[in-house]
Amino acid sequence: MTSGEGEELDRLRQRLSELEDALAAVADGQVDGLVVGAPGRERVVSVSGVDLPYRVMVERLGDGAATLGRDGTILVANPAFARLVGVEAASLRGWPLTGFVPPEGAPAVLELLEVGVGEVRRSEVDLRVADTTNHVLMSTTGIRVGAEVVVCCAVADVTEHRRVVAQLESERRLAAQRDLRMRTALEVNDTIVQGLVTAEMTLDMGQLERARQLLAATSTRARDLIGELTGDVRPGMLRRVGPATIDDEEDAS
Amino acid sequence: MTCRVVVVDDAEDLREMVAMVLTLRGGGRFEVVGEAGDGAEAVTIAEREKPDLVLMDIAMPVMDGLEAVPLVRGVAPGSTIVMLSGFPARTAEAGALEAGAHAYLEKGGRLAATLVPSLTEIMAARGA
């Protein structure tokens, strides 16, 4: 390579670098306008239309937003969307959305992608991030861009909401279980313990016939209580497997 | 001095036996002045009789014994309240004492023989 060719190459590299900086500035919303045209016939082209604040808002939104191809290919996504799928926003372009969805969730996502122009579809979807799963509410709508239809996708993280709902449900089940145990204990106390204690005291006081009557009444009430607790008995239900224990239900959360 | 007692229990047979034991085996130290079948009735009788001792069951209709204890203490502050329950002490005693009861006795275990000595001991400890 001659020294002239080397200088030309350096100059082209310099121009390329300047153009890349300018494009990055436009992409980042740092540019209000561009001067275009030949010397003496320059004109200013505005690039800061009313869509700029909207674009900044979407970029800074806490919820995920992305534009997808009809087949689910990610065309552009905001940082919140990238966080939900655990990938850098800049490298998301070209990924298939279904690549972040567990196999069992794929049909729901494919249905969301079939959304028509102007139609809105919503569904809860699981997004896989390494070993964890983010539960999201995904909304899609179709938009025509020229001859193509793209899918606008909004994603709200409902992982914490789901966790709280599951915890409340678990607490409700435990409370119901405690209530049932308490009512059963009360029945056993009223039906069996009171009768036995009274009969024992009656025996101690030397009233044999009355004690006998109390024991007979207690055993009858105890049998009725057992019947209420078991309901209809079927073969195999009453096979003894060991001493009965009552354990709290394990916390589902 | 005779200890005036109100017996509170929803089991009528048991209430009757407790009254009989206190009367026949109490050596004249206990006099049953009232009986109640639930906590609300106990509060009414305690307010009227101002007894020295209230023997209170826990599981009862209308108002249970744990609900009734603070109300009885409110209307008869000089009464000693002893819980007499079929629930084991390990599960119910702490709650009873927290509600304001002075002592806890379990039903069963030769109650006819142990009731008078236990109550005598509790009342002596209370200075009654």
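Yeah, the Cβs are placed from backbone N, Cα and C, and that goes for glycine too.
Given the ranges A:2-29, A:170-197, A:198-225, the record in TrEMBL names A:2-29 as coiled coil. Over the coiled coil (A:2-29), the average per-residue pLDDT in this prediction is 75.
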